[in-house]
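**Student:** Input: one structure, supplied below.
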Amino acid sequence: MAAPMLRWCYLGRRWVLACIDGGSRHGRGAAIGFTSSRKRGQSSVAQQPLITAQKSRKGEHKWAAVVGLEIHAQISSNSKLFSGSQVHFAAPPNSLVSFFDASLPGTLPVLNRRCVEAAVMTGLALSCRINKKSLFDRKHYFYADLPAGYQITQQRLPIAVNGSLAYSVCAGKKPSQVITKTVRIKQIQLEQDSGKSLHDELRSQTLIDLNRAGVGLLEVVLEPDMSCGEEAATAVRELQLILQALGTSQANMAEGQLRVDANISVHHPGEPLGVRTEVKNLNSARFLAKAIDSEIERQIHELENGREILNETRSFDYKLGCTMPMRDKEGKQDYRFMPEPNLPPLLLYDTASLPPGADPQQVINIDWIRERLPELPSETREKLVQQYGMLPEHSFALLNEVGLLEFFQNVIKETRAEPKKVTSWVLNIFLGFLKQQNLAVNESPVTPAALAELLSLLDRKAISSSAAKQVFEELWRSKGKTPSQIVSEKRLELMQDEEALERVCHAVMEEHPQVVMDVKRGNSRAINKLIGLVLKATLSRADPTVIKEILEKKLSS
Amino acid sequence: MLGRTLREVSAALKQGQITPTELYQKCLSLIKKTKFLNAYITVSEDVALKQAEDSEKRYKKGHSLGDLDGIPIAVKDNFSTSGIETTCASNMLKGYVPPYNATVVQKLLDQGAILMGKTNLDEFAMGSGSTDGVFGPVKNPWSYSKQYREKRKQKPHGEKEDSNWLITGGSSGGSAAAVAAFTCFAALGSDTGGSTRNPAAHCGVVGFKPSYGLVSRHGLIPLVNSMDVPGILTRCVDDAALVLGVLAGHDPKDSTTVQDPVKPFTLPTLTDVSKLCIGIPKEYLAPELSSEVRSFWSKAANLFESEGAKVIEVSLPHTSYSIVCYHVLCTSEVASNMARFDGLEYGHRCDIDVSTEAMYAATRREGFNDVVRGRILSGNFFLLKENYENYFIKAQKVRRLIANDFVNVFNSGVDVLLTPTTLSDAVPYLEFIKEDNRTRSAQDDIFTQAVNMAGLPAVSVPVALSNQGLPIGLQFIGRAFRDQQLLTIAKWFEKQVQFPVIQLQELMDDCSSVFEIEKLGSVSLKQ
């Protein structure tokens, strides 16, 4: 079995980080691992997939896995790629279907400008070369949810080519040991989505919903530069963040706005690549890495047992945790590609090539879009590290959860507390509560303003940090109260009366002569026990540093 | 009144000599009397009556919408018409009622035109005879003309009179017959390889194919998207120009239409042709060309020359590859375009429900005739990965060469090309069906189809009657988007030749009063 040698990049670790890592609630902002780069420029050579294999148990063969991805991202647009129908998730079946979407004879495609701009934006963000001329093609196959019998796509000359996507993975035992890797992007093409088939096995019929038919997709083709499930999952996650930052796709996997197919093969390093399989419909963040790794294991297992890998299409059975051949994809498909005759070539311009007097409504200027690109996740993370002295992995964590960065920034704006403190509270306590209750950031009962006030109280030592945690719990439970209200109601403010505190310290020392002896004998840890006891006696209302000072003074006297 | 041109009847409507409903009634009654021609698949009697009444109200208020208001027209049954069955003469679309109008139909209706009905064709416009539709063949009105009958009497044949009727040509034969038999004043056809010009020539009417991109294809059920153009059939060139003025222009629903605005226009009357250069492509002197057509062709050239025009022989060297190239491109697009007819969303669906695949197969077998299925089969063969390069790509390259031939000729100073439209006059149905559809289409399209490859405007103008008393048409081919110039020259030519009016009195003696056939004009090109 090959499992051991792949384990280093296996699922487990990122769940260890779960308290500050994005979890997956209905796939929302689903985490597929975060890692960061300690050093810039420490990236792997993209063209040579990292060899992930270690010695197998027998210590004879090494295996390397090669993974390429085809990612379909639904374009976030009001209307479909070639028709005026609205785009909405979960609308009543067949309520968003134009004559063109239903392929009524005589209807013609009309290209949606917004979709083209989204493709150009995405291409630019992924450092692609934007083709100033691209073409549309028809890809033919019969399927009930493909009304025209063909899909309009960009097979010959896509809108963007030759880009790259940088992502970071854990490289060692500590989560902070990360390296940046790069996967080449072969192309980005515009194409139509299909409708949905709902198979009713009971009545042996298929129901068709064409709401999705004709929605614009960006197909992003990632070269086989990845070598395991986690790399693939992390690359997909980074792409997801980029699409969301650009606003070109909501990229929500649970709503099918981001769908992944993986091409997987294994071989011995130095030898030609093995026969590849395609694992289709990896539409859940949770199973993406798992499916790829289980397929890699399966292939190695097959080969080590003298069997062959078939060039076939498989799907991941999440219940069994392994991939299975797809029955209806048997046999080779010939898509009979043909140029789409109803759409002229798609021409784009830059400022230099813009025809004089061109109607801005009729032309798309690549430079204009480039100048207006929003900040990308990598830049945002870099800024966080620079501005707040944050650890890189914390910057990843902040971006990994939808809305968390904004929450963090709003807290920072309103509090006097140190950014480090804020980071720690947001990533540990706040996110921990969210995870525990399976809530999204925007569903949190605690507002940024409340947390900011709480941290300010903490910062000016009005409350102890353990009291702060109590206040936070109370904030979470009872909406509408301010931290100050809670502090005064629960009498959680720090004891400002030093004499009273001295009396408590004295009493504690009296009651625990053994501990006092330990301190005096040089057991430096014992003082912590005393501090704890004093804290307990003050119901956490005293500042541990002040307690320590008093105790030290008394002990040394 | 029915024998008049569109412009003439439009003037009569404006002057109140006739009302739109009267005109509608006359056309409707003639449609019913000529039902045996099989020119119409659907007669939209009720809708048309409503349109005529609305038009009448407008005239009464003095708010006429223009030259087309109250004019009865017909539309080939491969244009979508909202609320009116649109069949493409195929079982596949029997009973299919589109929810929208083709842009060209909408434009005509917006001008107040009265849609009398949907005309017959070859199934999905695949043919050159209008014989291969599911509703049966269209009969050429000239089969029943005095001119043809008289000539036939001279020759003892012994065959039954009625079994010898002639084809209209196609695939827009229904539209050509409808115009020729006076049941409407203009009709829409479609033209992919000659489907408007060919039947126009056989039926003695004007058949105009505009430049590709000048007129919207939205709502035209496609045969070959990259070559299809809505065609116009009328009784004279001026009428075609009038209809073109209404139809031409950018359509946001068809991305292949030109962006430049097109203004309505009237054709000038050309008096001097001495500055024109007329090209005669030598490759069009095909061995199959009948001597009669050939003779009219050279007479026409002589006519131009005698009036001072420069007439030169030109070469379109890649013409001979046109047919085979067209075959590959046409069938490939057909295979693709027909993929949507799967019985799921609309149209025919078989009773088999074992599986989706079985349903597709049976639906398509039942829905399409042999011609359509044959083209789908060959098209899919050409598009296979292993064949694509050898067939489709090569055909596209040849298409480019063919288009360049025209460019070169026009760049050398030629204004229009003058060619035959068809090899001969119309043949009897029984003769026609001796050959299969493919052979026929290949033969009949040879003069018309290269034009579609190049996207150029072309018009067939009736010239004279053959020895048999049947119409013969000649074709003018113009530069891309110089449709007006082309029609201006065609109009001059039309005036010179004075093509005779079809005489259908014998056939419809009881309704002869509806014809106000003017005196036969002199036929200046008489043999």
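Cβ coordinates are placed from backbone N, Cα and C, and glycine is handled just like the others.
What TrEMBL records for this protein is below:
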- B:LYS76: active site, charge relay system (ACT_SITE)
- B:SER171: active site, charge relay system (ACT_SITE)
- B:SER195: active site, acyl-ester intermediate (ACT_SITE)
- B:27-145: domain 'Amidase' (DOMAIN)
- B:167-487: domain 'Amidase' (DOMAIN)
**Student:** Under 8 Å Cβ to Cβ from the residue listed as 'active site, acyl-ester intermediate', same chain, six or more residues apart: give me those in sequence order, or none if nothing qualifies.
**Tutor:** B:LEU121, B:ALA125, B:SER128, B:GLY170, B:SER171, B:SER172, B:GLY189, B:GLY231
**Student:** For B:LYS76 (active site, charge relay system), what is the tally of other C-beta atoms lying within 10 angstroms of its C-beta?
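**Tutor:** Here the count is 32.
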**Student:** Once the DSSP letters are reduced so that anything not helix or strand counts as coil, what is B:SER171 (active site, charge relay system)?
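**Tutor:** Where B:SER171 (active site, charge relay system) sits, the three-state DSSP reduction gives coil.
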**Student:** Determine the Cβ neighbour count for B:SER171 (active site, charge relay system): the number of other Cβ atoms within 10 Å of its Cβ.
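**Tutor:** B:SER171 (active site, charge relay system): 37 neighbouring Cβ atoms within 10 Å.
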**Student:** Using DSSP reduced to three states, classify B:LYS76 (active site, charge relay system) as helix, strand or coil.
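**Tutor:** DSSP call for B:LYS76 (active site, charge relay system): strand.
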**Student:** What does DSSP assign B:SER195 (active site, acyl-ester intermediate), in three states?
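**Tutor:** In three-state terms, B:SER195 (active site, acyl-ester intermediate) counts as coil.
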**Student:** Using DSSP, how many residues of the domain 'Amidase' (B:27-145) fall into helix, strand and coil, respectively?
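**Tutor:** Across the domain 'Amidase' (B:27-145), the residues distribute as 45 helix, 19 strand, 55 coil.
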